[in-house]
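Colleague: The following feature annotations were taken from TrEMBL:
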DOMAIN    6-187  domain 'UmuC'
BINDING   Asp10, Asp105  Mg(2+) binding site
SITE      Phe15  site 'Substrate discrimination'
ACT_SITE  Glu106  active site
Amino acid sequence: MEQRTILHLDMDAFFASVEQRDSPELRGLPVIIAHPTELRGVVSTCSYEARRFGVHSAMPTSQAKRLCPNGVFIAPDHRKYSAVSKQMMAILARYTPLIEKLSVDEAFLDVTGCERLFGDGVTMARRIKEDISRELNLTASVGISYNKFLAKLASDLEKPDGLVPITPSDLETRVHPLPISRLWGVGQKSAEQLTRLGLRTIGDVAQMNVTRMRTYLGSLADHIYLLANGRDERPVQPNREAKSIGQETTFAEDVRDVVFLETTLLGQVEKVARRLRQSGFEARTVTLKLRYAPWQTITRNHTFAHPTDLETPLYTAVKGLLAKCGLSREDAIRLIGVTVGNLVPKGTVEEQTQQLSLFDAPTPTVETDPRQQELSRVVDSLKDKFGDKILTRARLVRREEE
Ligand code: TTP
Ligand code: MG
């Protein structure tokens, strides 16, 4: 693949900067965006002046008041921020249509091949920052690199008002000394686990033994090993209506262990099913994607009798597809993935089935079994409340020491 040029842009102290821009008397002051009267509220964000007191996003407002008693507390005005967000995205759209909006103040741009029009990545980043400063009177930080992970990491390195390129030769000097918490996808829990395994910096991860670490980390080992070595092929995906929902894992080293492949699939199915339920759609088809080591990629489909958004039928189907591929011990797998497609709004088919059942009273299949539906609903609401890690199938629980 040709080397790409990816930009990641993130506005500085976004909500607080908009307030300081619109009320000049607030400039230079510690501004904290939080409902001043909400007893159990949390801080949305704060100006860099307030960060010096230790205040940060998601901190209880009461604690922010203790740390920064002279802070100016302002209730968030989401309508205003989303209008500014639209203006910001419109500026980005002048440079490329390949924009993936990640949040209200953050986006990836794939500007590969735009050099003839706008100059190289760094020049383009500078021009975008100038447009934002001149037209919106706000500052942004931009990272420029050859993949999404490194561009996102770069945009955060010299905030506020940063402009940081990372080239392949910067990897060792600039990226490897950073702590593992900077790896995309490593939350606090995984960071603690990695530290227990003796991995402290991104450089440590770049040199670890992937096969051994899979015992403790599952396919997260592959994910972080590739990132740490500056490998991330995920494309910038312009935000369109989802027509399919998928998850795939690229392995750092070939996999010959079918049980490990199945466990990876189960983890992917759980994520896909949850996103499917959040989207309000059900899938008519599920696709298994396999890439053999010498770059041969195959896909296999299964069509359901009843559209579904549940783990059990999805997993049963992809596991069956994997079995049909008849993998032998010689087959080395590089990538595995699950995608659901032919999405239909939930409920549109259910009614027909229910009417039919008045006459045939078929036994419920896993796709329509109300107990399965209820179980998934309960799991989702627990995950919404307590985070994704709260519940997982027994098989996904990582073995600790062996
Ligand atoms: P961020 O980009 O994470 O933060 P920021 O722009 O305020 O500061 P930074 O310079 O470090 O990028 O989030 C963008 C906006 O999203 C932020 O201004 C407020 C909102 N937000 C919340 O409301 N709650 C949160 O927990 C976080 C992280 C952000
Ligand atoms: Mg920001």
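Glycine is treated like the rest: Cβ placed from N, Cα and C.
Model, not experiment: these values are computed from the prediction.
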Colleague: What whole-number Å value do you get for the CA-CA distance of the residue listed as 'active site' and Phe15 (site 'Substrate discrimination')?
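Modeller: So the alpha carbons of the residue listed as 'active site' and Phe15 (site 'Substrate discrimination') sit roughly 13 Å from each other.
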Colleague: Does anything in the same chain, at least 6 positions from Phe15 (site 'Substrate discrimination'), have a Cβ under 8 Å from its Cβ, and if so what?
Modeller: Ile33, Ser44, Thr45, Pro76, Tyr81
Colleague: Taking every protein chain shown into account, which of the recorded positions Asp10, Asp105, Glu106 has the largest tally of Cβ atoms within 10 Å of its Cβ?
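Modeller: Compared across Asp10, Asp105, Glu106, the most Cβ atoms within 10 Å surround Asp105.
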Colleague: Suppose you look only at the domain 'UmuC' (6-187); what would the mean pLDDT be?
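Modeller: Taking every residue of the domain 'UmuC' (6-187) together, the mean pLDDT is 95.
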